[in-house]
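Structure record follows, encoded as structure tokens.
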Amino acid sequence: MTRHLTRAPVAASPSFSSSGGFAVAILGAAGGIGQPLSLLMKRHPMVTSLRLFDVAPLAKGVAADVSHVDSAARVDGFVGDTQLGAALHGADVVLIPAGVPRKPGMTRDDLFNVNAGIVRDLTAAVATHAPAAILLVISNPVNSTVPIAAEVLKTRGVYDPKKLMGVTHLDVMRARTFVADAVGGEEDGERRRASERPSYDVPVVGGHAGVTILPLLSQTKPFPRGGFSEKEIASLTDRIQNGGTEVVEAKAGAGSATLSMAAAAAEFADLALRGLAGERGAWGCAYVDGGGGSEIKARGLEFFASKVRLGRRGVEQIAGLGRMTPGERVGLEKACEELRGSIAKGKAFVAAGGGDGGGAKK
Ligand SMILES: NC(=O)C1=CN([C@@H]2O[C@H](COP(=O)(O)OP(=O)(O)OC[C@H]3O[C@@H](n4cnc5c(N)ncnc54)[C@H](O)[C@@H]3O)[C@@H](O)[C@H]2O)C=CC1
Ligand SMILES: O=C([O-])CC(=O)C(=O)O
């Protein structure tokens, strides 16, 4: 059974303490990503109010189900446009995994026609009901849906570039996994104990589709003894760039990554919440306005995924791209070329249709 909504923590100046917490809304909560993400956010110790919204009535059932997990967060389910405003009111963090996923043979851009309108309309509602919230966009194509969200927020006069992020953390998660597998596997063929598994961090910059996913393997930390061979760099880069397609093909028409995506989104939302709570050092990669620093700005690209530090106001610091190898520089050129078109496409969509949205304006 879901409970009635009471007032959520104040959104404008969130402050977490042991007696307080944050309100998180998930739009698209009944979906493949939305359901496990709802579960993971329910278990987050800083979440005290979890709002699960979807156009599908199942959102109420998901809320009832997840509400039985023993944690502090109260859970409310919301269905349909008329309940969207209540779902958003006072939210500190809004996650959007609403929209259709890929089937084999499709690119993420093939989802644009359906998902662009969904993200536009949901962002319009965020602008009205939770204008100070941190907005984390998961819906594909992220390279275009984030510019769409930015244009809608600008139209509504509430755009804060620090608070809008495209969630690209799954690329980082994949890079960490594939590098650990490759490096660990080299040393012995036997199954390791979990405590012995090496753990690496790899910045993944650019965007979230094909060649725009640019893992900077040369900046892997700790850098593996002996480094990576050219062959390893080529195969790791290819696997990280095509990790999404690997899952789409394995699911054979039944959708794309949902469980790993929920894990990645929850990990990234945790960074956002810790930043809001005033913790220093909440660094992660995300697709943001001004991402990549001056080098990317000089190229005229408004959005780019790079390392960012999350704080009380959202993105408080954007790291530069650091030293890159000649091979990574070639990758950067390809990423920028494709991103330019994807960003322009998102902006043109809003310019053509207006930022007012369709059904979900409340
Ligand atoms: N950023 C990333 O790394 C990743 C992004 N994705 C993307 O996430 C999106 C969702 O994927 P899945 O959860 O697998 O899809 P799904 O089809 O299982 O779930 C989508 C949910 O969105 C809901 N929905 C549709 N329109 C809505 C609206 N206007 N308001 C609220 N809810 C609405 C549907 O009812 C459904 O419950 C897709 O666009 C997919 O490509 C998927 C994996 C990784
Ligand atoms: O590949 C897809 O369509 C879903 C996605 O973005 C990913 O898994 O990285």
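Quick reminder: no glycine exception, Cβ is built from N, Cα and C everywhere.
All TrEMBL annotations are machine predictions without curation.
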Joining Gly28, Ala29, Ala30, Gly31, Gly32, Ile33, Gly34, Asp54, Asn115, Ile138, Ser139, Asn140 at the NAD(+) site recorded in TrEMBL, out of Met261, Met324, is Met261
As TrEMBL has it, transmembrane segment corresponds, among 20-41, 262-283, to residues 20-41
The domain 'Lactate/malate dehydrogenase N-terminal' (24-166) resolves under DSSP into 65 helix, 29 strand, 49 coil
Taking all protein chains shown into account, the Cβ-based neighbour count within 10 Å for Ala30 (NAD(+) binding site) is 23
CA pair Asn115 (NAD(+) binding site) / His208 (active site, proton acceptor), Å rounded to integer, equals 15
Record-listed NAD(+) binders Gly28, Ala29, Ala30, Gly31, Gly32, Ile33, Gly34, Asp54, Asn115, Ile138, Ser139, Asn140, Met261 have a maximum CA to CA distance, in Å, of 18
For Gly34 (NAD(+) binding site) and His208 (active site, proton acceptor), the CA-to-CA distance in whole Å is 19
